[in-house]
Amino acid sequence: MVTIVKLGGSVITEKDRPETLDGEALAALAEAIAAALDDGAVEDLVVVHGGGSFGHHHAAEHGVSASEGIRDVGGIMAVHGAMKTLNQFVLSRLDSENVPAVPVHPFSAAARDADGDLTLMTEQVATMVDEGFVPVLHGDGVVHAGEGVTVLSGDELVTELASALDADRVGLCSTVPGVLDGDDEVIPHIDDFDEVADALGASDSTDVTGGMAAKVRELLALGSPAYVFGPDAVGTFLAGGDAGTRIG
Ligand SMILES: Nc1ncnc2c1ncn2[C@@H]1O[C@H](COP(=O)(O)OP(=O)(O)OP(=O)(O)O)[C@@H](O)[C@H]1O
Ligand SMILES: C=C(C)CCOP(=O)(O)O
């Protein structure tokens, strides 16, 4: 019974201030994860986190996105280094809650072909889970045939991992309480992109990977239901309840 949860970069960082952590938000999420593992609500857990003001700031500055690559090693390392720093904060916060969290840096475990299709190594993630660890992956740079290095979003990692590990539950925790309609009400269920396309926009802050529209698209492509919810609902999601918007 594998659960995958993505901690949105816009939740765990102050997205409009470069390389600024939202320590309180991260601590609350780490506590909720620890509680769900302690009381057995979740058995096998994989955590992914986004870029927030660590990844997206450097990606925008160096002109790299999920489709436009760069070859300048200084720029590549600025993005990757910032993401490793954020990953260290997440690991350390989970460790303080006694969650057995270990890192996986996707830069060294993934590649895109010339069409942009991703290959991600997942054997190590599966073995970590089998051995009782909680792997923590993150949005990163990825080597891309013909482009140099492009951005690999945490959302894309979530969908890859969900199929590879045959996940039972997938959740994206963002700043919003769910996917919102034109009146800012949470849409309880989405099973068709076109029905909600008009309401789906980009991110409010610097984000090179596409905001809510890209998330909904990726999650609809999954075989299993996925949820988009706000930080207050992470416990409900981990406990197996309906949180925010169900997609698929
Ligand atoms: N219809 C919509 N419903 C909800 N949010 C929307 C909608 N359209 C656009 N958004 C924007 O999408 C944002 C969520 O996407 P974003 O990629 O910024 O979040 P994240 O995954 O938490 O961050 P990161 O990409 O850094 O991990 C919301 O904060 C909001 O600004
Ligand atoms: C910008 C980088 C490096 C990470 C993007 O991951 P996301 O925040 O999940 O879209």
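Yeah, the Cβs are placed from backbone N, Cα and C, and that goes for glycine too.
When G154, G171, G178 are compared with the substrate site residues G51, H56 in TrEMBL, the one appearing in that site is G154. What TrEMBL records for the ATP site is K6, L7, G8, G9, S10, G211, K215, and among G40, G52, G55, G248 the residue it adds there is G52. Among the recorded positions K15, H56, G154, residues whose Cβ is positioned under 6 Å from ligand 2 are identified as H56, G154. Of all Cβ atoms in the shown protein chains, 17 besides its own fall within 10 Å of the Cβ of G211 (ATP binding site). The record assigns K6, L7, G8, G9, S10, G52, G211, K215 to the ATP site; their largest pairwise CA distance measures 15 Å.
H56 (substrate binding site) has G211 as its nearest neighbour among the binding-site residues K6, L7, G211, K215, going by CA to CA distance.
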